[in-house]
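Enquirer: What Swiss-Prot records for Q11, E69, S138, G142, T143, G144, N204, N226 is GTP binding site, and it gives similarity to another entry as the kind of evidence. Residues annotated as Mg(2+) binding site in Swiss-Prot, with similarity to another entry given as evidence: E69. Here Swiss-Prot flags 427-447 as region 'Disordered'. According to Swiss-Prot, the feature compositional bias 'Acidic residues' maps to 429-447.
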Amino acid sequence: MREIVHLQTGQCGNQIGAAFWQTISGEHGLDSNGVYNGSSELQLERMSVYFNEASGNKYVPRAVLVDLEPGTMDAVRAGPFGQLFRPDNFVFGQSGAGNNWAKGHYTEGAELVDNVLDVVRREAEGCDCLQGFQITHSLGGGTGAGMGTLLISKIREEFPDRMMATFSVVPSPKVSDTVVEPYNATLSVHQLVEHSDETFCIDNEALYDICMRTLKLSNPSYGDLNYLVSAVMSGVTTCLRFPGQLNSDLRKLAVNMVPFPRLHFFMVGFAPLTSRGAHSFRAVSVPELTQQMFDPKNMMAASDFRNGRYLTCSAIFRGKVAMKEVEDQMRNVQSKNSSYFVEWIPNNIQTALCAIPPRGLKMSSTFIGNSTSIQELFKRVGDQFTAMFRRKAFLHWYTGEGMDEMEFTEAESNMNDLVSEYQQYQDAGIDEEEEEYEEELPLEGEE
């Protein structure tokens, strides 16, 4: 019941995806070949959300792995969990997108997209009651950004009523992988605003900070970063995979988290994060988890929620946690930090509980926040975009693949609209005079 089909596109998406499958295979008691050797009935009860049962007690992920070059795929196949995936579900090209969004979205990616959709269709047909799709990708490159967004819009066309969740690695403020990142990211956000239902924003710099500051790793590897992301991904879907007192699924999450359809970009966090040596010195309690997960240092996207306000939040607790304690803590957070929550959505923290903690922890919590401060992130990318676009730098790579400058202008203005929508709701109060709204009404109709 309630299956999720997982897609991973591009190098970043495949690496995060591989870490994610490693994490949840462990939670469900599967070894690296997908054979069950767990101890608890609960691990099997809702295995079908992410896994198909094959013959011989083997479980196969409902995952579609996509890339425009074979390199990353080979790495996944050679990795510790390479034997887990169904070989037909690897779909790859040979040419690569070369960090060019247009190649991923219009030329190279468009040639491969039908093969991917065939695999997606086959996975969807193997489901009892498909709940939706989740896709891991980055927004700065060519394949994950360009082809990832193409897949999202194609899947949207074919499955209009299913949820579409994306785990998107957004460009970091200081660390840039490629010069054309602002272009790729802006073009991607332009697509995500229209086609995704919930986008969890992650960025490498924030992850580096968490690794250095909290986990005390002197030089974190991508493996460490991916481990953090997979912890969050596992937390977001935990309620689907294990029975709990207060369940939530992708759709419930969206209903509770998205007050206006375009504003579906979330910040995520995870607690407890402690350095490996310090585990034994701490007892984890609900107040401590709450404090850590509402800590700006714990957010996996580089925007500080103290510069904005929360429209909505969701807190997912795992482990032996008392319902009452959670509710008290949430009330506590809201009353102490009321200035960080918009007052026109009362009680805007949704909670979910699940009895089974992640491996190696007694209890944990996952935080998802829809904060207006995420606009900082878009603003930053938008400014970099404008700086390059004004001089038409690097544009020939995109126009050469058949793109039009108009598209860039549209993407830019869509992103600016998004920023100003966040700003508008950040400033909106509950007791504003009626007259103000009457003047503002025409704004709504422009879209």
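Keep in mind that glycine also has a Cβ here, set from the backbone N, Cα and C atoms.
The structure displayed is predicted, hence computed values, not measured ones.
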Enquirer: When the number of other CB atoms within 10 A of each residue's CB is tallied over all shown chains, which of the binding-site residues G142, G144 has the maximum?
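Expert: Top count of Cβ atoms within 10 Å goes to G144.
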Enquirer: For each of Q11, S138, T143, N204, N226, count the other CB atoms within 10 A of its CB; which of these binding-site residues has the top count?
Expert: T143
Enquirer: Determine the Cβ neighbour count for E69 (GTP binding site): the number of other Cβ atoms within 10 Å of its Cβ.
Expert: 19
Enquirer: If you measure every Cα to Cα pair among Q11, E69, S138, G142, T143, G144, N204, N226, the residues listed for GTP, what is the largest value in Å?
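Expert: So the binding residues stretch over 23 Å, Cα to Cα.
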